[in-house]
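Undergrad: I have a structure I would like to understand better, so I am pasting it below and will then ask my questions one at a time.
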Amino acid sequence: MYQYSRLFGTARVPTENGCHIGQDPESKHLVVLCHGQFYWFDVLDDNSDLIMTEKDISINLQTIVDDAQQTPIQDAAKGALGVLSTENRKTWSGLRDVMTREEGSNNADCLGIVDSALFILCLDYTEPSSQADLCQNMLCGTSQVEKGVQIGTCTNRWYDKLQIIVCKNGSAGINFEHTGVDGHTVLRFASDLYTDTILRFARTINGQAPSLWASTSPDPAKRDPASFGDVSTTPHKLEWDMIPELSIAVRFAETRLADLIQQNEFETLDFAAYGKNFITSMGFSPDAFVQMAFQAAYYGLYGRLECTYEPAMTKVFLHGRTEAIRSVTPESLDFVQTFWAENPPEQKVEALKKACQKHTANTKECAKAQGCDRHLYALFSLWQKAVDEDDAETASSTGLSSNGYSSPVDTSSSRDPSVFGSPGRNSILSNGDEVERRSIRSTRPRGNSSPGSQQHSMPLIFADSGWDKLNTTVLSTSNCGNPSLRQFGFGPTSGDGFGIGYIIKDDGISICASSKHRQTKRFVDALESYLLEIRRMLKATQKRGVSPKSSRAREANAHRPTAGHRLKSRGRVIRVAEVEKRTPGTMTPADESDDEGLGGYGFFDAGMLLQALKGRGEGPDDSKTRLSDRANAHARRREIGKKLRLSEY
């Protein structure tokens, strides 16, 4: 539960020696970004009760959009300071020092307003036409240059905080700062928003419909404005002092960001043939099943397995975050080799079972904090911290700043860069905990190492090539989602890797894959082909059980006495096995879907139906006597009966 306190009113604040999570527990305003320009207004009172209705907020947002459009987008992009939050953390720390050291400048106040906001609302003018484009816009924004100026949505971001992004066509998403919270914490936030929206609509139909919340704020429309206290509900535009150093920094940060965006590509797969219901009915763990799909697809393309990462939640522990599940095991290697070789389907399915069982066992161990990655990382961080302290001591003795700027923040100033407050208040942050640095920096000895740093020689385990391989993840995967989300994704963690976010739904699997132009579309296509092929094998080798959606009445009917115990007037019972036996032909993986058409007729028209009946000797034929009315009725009834097969999934 601790992470929920870090969701709102927090920011990742860079310093010379890593980052801190800054937090304002009294935050009551939000910041809106539109065309790279910053606006803010209060939405809560001092008791954290709502002070604005939906209509009030809508009016404010429209006012902001109208005002932002008054500034030519090329001019606005030149002052889009949000791109600075994409810079190297030490560079960004130095720039923040530059912004706050000028006397009489309001940049420090502007930074405080942004850092202490509940969250950032980004209003984008773009209208993504595909899910891949939508995912890219939510992750890194778009890069679009006109007349030498960047006007893409990449300038309309502030990555140090939770961002809610809304496109012009109404598509919306969340981009969150991972340092303070994990994906499932943000997922709970998104799920509650989605659920509350449905329940509120239900209450417009039935006023007695339940609410998601045990208690709610008083209706702002019925409150006396005098009870709001010292608030400002009118939008304010932040006006930064664009000193030459900042203008140059914005320019170079934008070009660097544009390079990064161009280096990455995104593909999505909305696999609708089957999902969790089918996978569990076949006796597999859904997550393990999908993980093996990633392994098989990659092996099918490249003939090898690579370092694969999946996070396991360790939230059963106080302040627990994650542990690394290593999906590649001897069992998974045996499975992919067996699958892609000329082996009987039964042998392939058996190898898949063993690989999934091993993955499930590893997942349970990691959830109990019995993995090795986090332990080794903690040891590495302790060694790195000792080296950094020696470097800092050396830098201070020579009068040099390690952030790349010769004029660090004045040490006589009482302002702590990790402390900020909401507008009009001098509140102190509740926490300044140091955040772990996730990047593994170079481990090679430095030529000008000081005597202090030489005594901290690298432990041999971290100089081993195996450590480098373990920290070069090629398949970085994460299972995070539910029906409240359409997609979930992130970027690759290595230059030759894939970033794969996936959501396993009841009747589908949503996948967002990214890479630095490493045949991402081909990988997604291979993944889809595998998922269809393995289902064909499972159906061929395993007895079909009752669908998880079937009722007990269906089970009882399946065991009811047949033939001699039925009344002729009730008609002949059509068994699932009979329908399967009489179904002509076998669908190829490319044609096959879990529903196998819409109502039995999704893939052909009435004329094709007659052709199909002729091929089976059941349709009208000029060389034979026409079927009797009773036979025609029987044929129609038999075709309708095929729907029983569809209802099993």
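Each residue, glycine too, has its Cβ placed from N, Cα and C.
Bear in mind that TrEMBL entries carry predicted annotations, made automatically and left uncurated.
According to TrEMBL, the protein has these features:
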type     : residues : note
DOMAIN   : 1-528    : domain 'Choline/carnitine acyltransferase'
ACT_SITE : H178     : active site, proton acceptor
REGION   : 394-458  : region 'Disordered'
COMPBIAS : 396-407  : compositional bias 'Low complexity'
COMPBIAS : 445-457  : compositional bias 'Polar residues'
REGION   : 542-566  : region 'Disordered'
REGION   : 614-649  : region 'Disordered'
COMPBIAS : 615-632  : compositional bias 'Basic and acidic residues'
Undergrad: Under a three-state reduction of DSSP output, how is the residue listed as 'active site, proton acceptor' classified: helix, strand, or coil?
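TA: Where the residue listed as 'active site, proton acceptor' sits, the three-state DSSP reduction gives coil.
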Undergrad: Across all chains shown, how many C-beta atoms besides its own are within 10 angstroms of the C-beta of H178 (active site, proton acceptor)?
TA: 11
Undergrad: For the domain 'Choline/carnitine acyltransferase' (1-528), report the average pLDDT of the model, please.
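TA: Looking only at the domain 'Choline/carnitine acyltransferase' (1-528), pLDDT averages out to 88.
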